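Participant: Would you mind keeping the following structure in view while I ask a few things?
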Amino acid sequence: MSRDDYDNAKASKVRISCMKRYMRLTWFRVLALLCILLLFVTYNRRNVGLTSYEEPIFDKESFDKTEQTPIETPAQSSAHSIVHVNWQERQNTVRKAFKHSWDGYVRDAWGCDEYHPISHRGSNLTEIGIGFTIVDSIDTLLIMGLNDEYQRAREWVANSLDFDQNYKVNVFETTIRVLGGLLSAYHLSGNDTLFLSKAIDLGDRLLGAFASSSGIPFAYVNLALGKGIVSHFSGGLSSTSEAATLQLELKYLSYLTDNKEYWKKAEEVMFAIDSLDKADGLVPIFINPDDGKFVGKTITLGARGDSYYEYLLKQYLQTSRTEPIYRRMYDHSMNGVKMRLVDYSSPSKLLYIGELIGLYDSLNSKMDHLVCFMGGNLGLGATLGKSIREMEHLSFKELEDLRLGKELTRTCAEMYFQTATGLAPEVAHFTSLSDSSNNAKDIYIKRLESHNLLRPETVESLFILWRLTGDVQYREWGWKIFEAFEKYAKFEDGGYTSLDDVTSIPPGRRDKMETFWLAETLKYLYLLFGSNDQIPLDKYVFNTEAHPLPIFTPSRKIRGQGWSRQ
């Protein structure tokens, strides 16, 4: 072999060797990229949103690492401002706020239905009142361990609570606040029969509201006569939410007393609604007690619609999941919410639940603060009250519902944090993606809707999502909201008051402390900062006035005939 041939052969071997090394490196890079892509797809399917309809297996370790919401907003960033927090101290601060509210009421308005702290007076919803504030607050007193205050309230119930009044009361408000309050007090007091006997007396009087030709309850009832009265405000119509938000209370009363009549009346309302045509499970906000038919086409999860959807899920949970009809109705309605009512704002893409004024009208971007209960409700429907870390797996639907609940709750927190006072308005409007402009804000507030009534719905969802996820951001948001109430709603001479305009400082005061401030808002804040063992969500359902009622198992259930003990 010549020198030239030798050199050529050697060069050829070198080229072949280099090419082999290059090919090996190329294949290594390809395999590495494929692995990275596979990990990315797996991560996104499990934690951001599934790309197929397979049922996923819930990975607890992955959840622990990836639970944070992807987009950090001003609300989220506040969750990291405090590293070491004494939550018991914060809980005690909420307890002091309750006592400040209660002491003002006791001093100025004892026995009255409502309290006006600035003018130091009370007022009644009937001629002599039935102590709405007292009865609505008893279970909060028990939960907070305010024993002296509880004894005084119990004494008033024993000696002064009288339902024999020739006056009409709203069936819904009286059921959720007074009947619900008495039943919760009965259970939490260790079955004090005083509260049960008063609940039976009231329940018997409320049954008269169901004496319509359709079984749909009238909006009002005369307590002394036990006679239902139509609502003149709405032309004789009943609100759908009000007619369908009496069931938890009457069913539990039926369970305690073995009186099937309470159960039957409450249940027949639901069967009647189930038989009506709906828009993907969504219902109009008015129903006629004469013929049992829906009236109008307005659909909202706000006023007159909200707690219908809440009680679908909670009726299913209350009876230990023995009544699947309510789970079916709930799932159907939530599919309708996702299809017809969910939208995103611009520019931050905040999820909100809008309204339909007509069935086929475009979505109205208005959202009542009342809708903010749905964040927690969606989470509750996904886990049935269990902590996520206790769940072995979550289906695609459950993960999606939990995601929607978390995003809606983030939006509701922003309704607070984006105002001058740090408190939410009664109603918010959103700039939809289709209507956005370069200078658009996500949330805008109309002057006539800028008041704050000390409502509980957002802190309710914060409490539930904290219990379900263990994510401390919900506690931090709750504390930030509580601090705003302390700054602007607290009246130093006693009590807290509703505000006139959350967008201005000072916000102006309305001189009224709603009973749900004591029954709901402060109770949820107290539980948010406390131990998860107190009122566990897989052992209790909260009625729409935040009165915890124990979950029970009916001995026997017959459609339309209530239940009976065996």
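Please read every residue number as a count from 1 along the shown chain.
Heads up, the Cβ atoms here are built off N, Cα and C, so glycines get one too.
The active site, proton donor annotation in TrEMBL covers E173, E426. The active site feature in TrEMBL is assigned to D306, E457. Taken from TrEMBL, the feature Ca(2+) binding site covers T544. Taken from TrEMBL, the feature disulfide bond applies to C372-C412.
Could you tell me the structural context for the features on the list?
Facilitator: There are 17 other Cβ atoms within 10 Å of the Cβ belonging to E173 (active site, proton donor).
On its own chain, D306 (active site) has S241, T300, D368, L370, V371, F373, M374 as residues at least 6 apart in sequence with a Cβ closer than 8 Å to its own Cβ.
Cβ contacts within 10 Å of E426 (active site, proton donor), excluding its own Cβ and spanning all protein chains shown: 20.
Sequence-distant contacts of E457 (active site), defined by Cβ-Cβ distance under 8 angstroms and a gap of at least six in the same chain, are H369, L370, V371, C372, F373, C412.
Other Cβ atoms within 10 Å of the Cβ of T544 (Ca(2+) binding site) number 25 in total over all chains.
Here the Cβ of C372 (disulfide bond) has 31 other Cβ atoms within 10 Å, regardless of which shown protein chain they belong to.
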Participant: Can you tell me the CA-to-CA distance separating E173 (active site, proton donor) and E426 (active site, proton donor), as a whole number of Å?
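Facilitator: Cα of E173 (active site, proton donor) to Cα of E426 (active site, proton donor) measures 19 Å after rounding.
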Participant: Cα-Cα separation of E426 (active site, proton donor) and T544 (Ca(2+) binding site), in Å?
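Facilitator: Their Cα atoms are separated by 18 Å.
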